[in-house]
Every structure is written in structure tokens, then in C-alpha cells.
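Participant: Pulled these features from Swiss-Prot for this protein:
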BINDING   Trp142, Tyr149, Asp150, Trp151, Arg235  substrate binding site
BINDING   Asn194, Phe195, Tyr196, Arg290, Val291, Asn292, Phe293, Asn294, Val295, Arg296  2-oxoglutarate binding site
BINDING   His205, Asp207, His261  Fe cation binding site
DOMAIN    187-299  domain 'Fe2OG dioxygenase'
Amino acid sequence: MLAGNMEQANVFRLEEKRYKCRADTIPDMSEVLDPNDPQSFGFEALVEIKPRVFSFQKAPGLLILKNYVSSELQMQLLKSIMFTQIQDPENKTNLSPFYQLPLGNDSIWRRYYNGDGESIIDGLGETKPLTVDRLVHKKLRWVTLGEQYDWTTKEYPDPSKSPGFPKDLGDFVEKVVKESTDFLHWKAEAAIVNFYSPGDTLSAHIDESEEDLTLPLISLSMGLDCIYLIGTESRSEKPSALRLHSGDVVIMTGTSRKAFHAVPKIIPNSTPNYLLTGNKAWDGWISRKRVNFNVRQVRPSR
């Protein structure tokens with residue numbers, strides 16, 4: 001009886017388990033809304049409020065912008081993050097505390113891209129050394145841009161000590177927010193860029209470290225498709241499942257801004273051909289990655 005009550009109290013977790021499966025397989029998609037497929041489950045819940053901007057009636061405040069990031073801009077932003085941002089020592093990555101990372105033109109990405117994937121990167125302390133290939137494909141999970149979120153304190157430090165926010169990403173996201181919402185003075189101040197491979201997941205959570213939770217969160221999807229779950233402020237209510245594609249934008253405003261959300265499944269073999277260049281290293285990476293840019297304004301405008 002106790003187990004049954006616990007399951008009832010965490011319906012969200014049951015839905016996460018429903019869609020999580022072996023990395024190389026695809027789960028039952030019969031109850032997944034695909035914004036790009038009018039025949040998909042629950043498509044009628046999407047309402048176009050502006051050109052290519054859709055509200056989702058089951059998650060008040062959630063906006064879905066289909067194919068909003070052009071293929072050219074996707075490539076530009078992906079190259080910027082890999083060739084410029086991760087080699088900047090001011091931008092933290094999940095690897096930074098554990099490895100003696102080479103930076104600048106000798107970064108792990110540039111070594112990988114230039115065919116030196118078998119070179120060894122030494123660990124710090126008791127961390128074992130690993131090859132560049134393994135670090136790039138398996139171990140690199142995130143990088144922070146702009147104001148550097150402190151994962152230990154769950155806070156943003158003094159903004160005066162943070163690196164500047166990347167202009168290309170900031171300009172685009174601010175334009176998207178102004179075109180799609182009433183937040184005309186919203187500023188891109190911080191971002192977490194997540195790198196997912198098939199088999200990776202993001203558990204249910206609410207983003208609540210920012211000072212003003214009425215300000216929207218913006219998510220850009222690139223690379224592999226994913227299943228995205230969006231619920232309410234309670235884990236006891238069943239979330240909706242959506243399939244997000246490369247180039248889609250999700251904006252969380254209103255009630256959805258404080259809703260539990262998760263990514264239980266990365267869909268293999270779904271990277272669009274326009275992100276492939278013919279370069280073996282690049283194609284081998286992007287064909288097995290979902291890159292998610294999650295951008296936010298940290299504190300109210302003053």
C-alpha cells in the first residue's frame with residue numbers, strides 16, 4: 001500500500017521511466033506530441049499565437065517555436081560553443097575540477113577535431129587520465145556562459161566577476177523573447193549548455209535559482225531529437241510528452257516557468273543532415289549529440 005501511495009505521489013517519475021529505454025531504441029511514441037507532425041498525439045492543444053509561435057494549452061505559459069533557429073545559425077552557434085567558448089578558462093565545464101584541461105588552440109575539442117583524439121589528458125588528484133576522444137564523446141556534459149552558476153551553493157556569484165555573455169547567442173535569444181513574449185527588456189545573462197548522448201537523461205526539476213521566477217527561460221535544441229516532459233508544480237500530476245527537434249525553441253513563462261520538466265530520452269539517429277559537414281570528427285560528434293542552450297536572465301532589470 002505504501003509503495004502504491006508513493007507511485008501515486010510521483011506520477012512524473014513513472015512517465016520518466018516509461019520513455020527511458022535502451023540508448024539505441026525508440027520508446028512507444030503514441031502519446032508524444034510532435035509539434036512538426038499535425039497527425040501526432042494531442043496536436044490540437046497547440047495554438048498558433050504568432051507566426052511559428054505556439055502556446056500549449058496543457059502547460060499554460062509554455063511557448064513552442066517550431067524550426068525557429070535557421071540551419072545556418074545552428075551551425076554558427078554550435079561552432080562557437082565548441083571552437084571558442086569551451087576553450088575559454090572563464091567558462092566552467094563539468095570537467096574543470098577533475099582534469100588538467102589544455103585551453104586556447106590546444107583545447108580538447110581542437111585536439112579531437114584535428115585528429116588527435118588518442119592523446120591523453122591527465123586527471124587532477126585521484127581522477128584517472130582519459131583520452132581526448134572519451135572526454136569529448138562521453139564526459140563533457142555542460143559548460144556555463146555569462147554569469148557562472150555555482151553548482152555547490154546553487155547561486156549566481158557577483159556578476160561583475162563573470163565573463164561577458166556571447167554576443168551571437170545573446171542577440172538571437174533576446175530577439176526571440178521580444179518577438180514572442182511581452183518581456184521586451186529581457187536580457188540574456190547566463191546560460192547552461194548541456195551535451196546529451198543517446199542513453200543520457202535529465203531528471204525532473206524546477207529551475208529556481210534566479211531572483212525573479214516570472215522571467216522566462218529559453219531553451220534552444222540542436223542535434224538529436226529528444227522527448228521533453230512538462231508537468232506542473234507537483235510531481236503527482238501526469239506530465240505531457242513532446243518531441244523536440246533541432247532548431248526548435250521552448251520558452252517557459254507563466255505557470256510553466258515553475259513547472260517540473262525533464263528529458264527522459266534522446267532519440268538516436270535523428271540529427272538533421274544539414275548539420276553534417278563531411279568532416280569525420282564533426283559528423284561523428286554531432287550525429288551522436290543533442291546540444292541544448294538553456295538561457296536565462298538572472299536578476300530583475302534595474
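Note that Cβ sites are derived from N, Cα and C of the backbone, with glycine treated the same way.
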Participant: Taking Cα atoms as reference points, which of the binding-site residues Asp150, Tyr196, Arg235, Val291, Phe293 is nearest to His205 (Fe cation binding site)?
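Facilitator: In terms of Cα distance, His205 (Fe cation binding site) lies closest to Arg235.
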Participant: Should any of the binding-site residues Trp142, Tyr149, Asp207 have a Cα within 10 Å of the Cα of Val291 (2-oxoglutarate binding site), which are they?
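Facilitator: Within 10 Å Cα-Cα: Trp142.
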Participant: With substrate as the bound species and Trp142, Tyr149, Asp150, Trp151, Arg235 as its recorded binding residues, calculate the greatest Cα-Cα distance and give it in Å as a whole number.
Facilitator: 26
Participant: Could you tell me the mean pLDDT the prediction assigns to the domain 'Fe2OG dioxygenase' (187-299)?
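Facilitator: Here the predicted model's pLDDT, averaged over the domain 'Fe2OG dioxygenase' (187-299), is 97.
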Participant: Using a Cβ-Cβ cut-off under 8 angstroms and a sequence gap of six or more, which residues of the chain neighbour His261 (Fe cation binding site)?
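Facilitator: Listed in sequence order, they are Ala204, His205, Ile206, Tyr228, Leu229, Ile230, Gly231, Pro239, Met252.
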Participant: Say you check the Cα of Asp207 (Fe cation binding site) against those of the binding-site residues Trp142, Asn194, Tyr196, Arg235, Val295; which is nearest?
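Facilitator: Nearest in space to Asp207 (Fe cation binding site), counting only the binding-site residues, is Val295.
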Participant: From the Cα of Trp142 (substrate binding site) across to the Cα of Val295 (2-oxoglutarate binding site), what is the distance in angstrom?
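Facilitator: Each residue's Cα considered, Val295 (2-oxoglutarate binding site) and Trp142 (substrate binding site) end up 13 Å apart.
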Participant: If one measures from the C-alpha of Tyr149 (substrate binding site) to the C-alpha of Asn194 (2-oxoglutarate binding site), what distance in angstrom results, rounded to a whole number?
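Facilitator: Asn194 (2-oxoglutarate binding site) has its Cα 13 Å from the Cα of Tyr149 (substrate binding site).
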Participant: Distance check, please: Cα of Tyr196 (2-oxoglutarate binding site) against Cα of Trp142 (substrate binding site), rounded to an integer number of angstrom.
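Facilitator: Roughly 9 Å, rounded to the nearest whole number.
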Participant: Rank the binding-site residues Val291, Val295 by the number of other Cβ atoms within 10 Å of each Cβ and report the first-ranked residue.
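Facilitator: That would be Val295, with the highest Cβ count within 10 Å.
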Participant: Could you break down the residues of the domain 'Fe2OG dioxygenase' (187-299) into DSSP helix, strand and coil, giving a count for each?
Facilitator: 15 helix, 45 strand, 53 coil
Participant: Under 8 Å Cβ-Cβ from Asp150 (substrate binding site), six or more apart in the same chain: what's there?
Facilitator: Tyr156, Pro157
Participant: Could you round the CA separation between Arg235 (substrate binding site) and Asn194 (2-oxoglutarate binding site) to a whole angstrom and send it over?
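Facilitator: Pair distance, Cα basis, whole Å: 23 Å.
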Participant: Take the Cβ of Asn194 (2-oxoglutarate binding site) and count every other Cβ within 10 Å, whichever protein chain it belongs to.
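Facilitator: Asn194 (2-oxoglutarate binding site): 19 neighbouring Cβ atoms within 10 Å.
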Participant: If you count other CB atoms within 10 A of each CB, which of Tyr149, Trp151 wins among these binding-site residues?
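Facilitator: The residue with the most neighbouring Cβ atoms within 10 Å is Tyr149.
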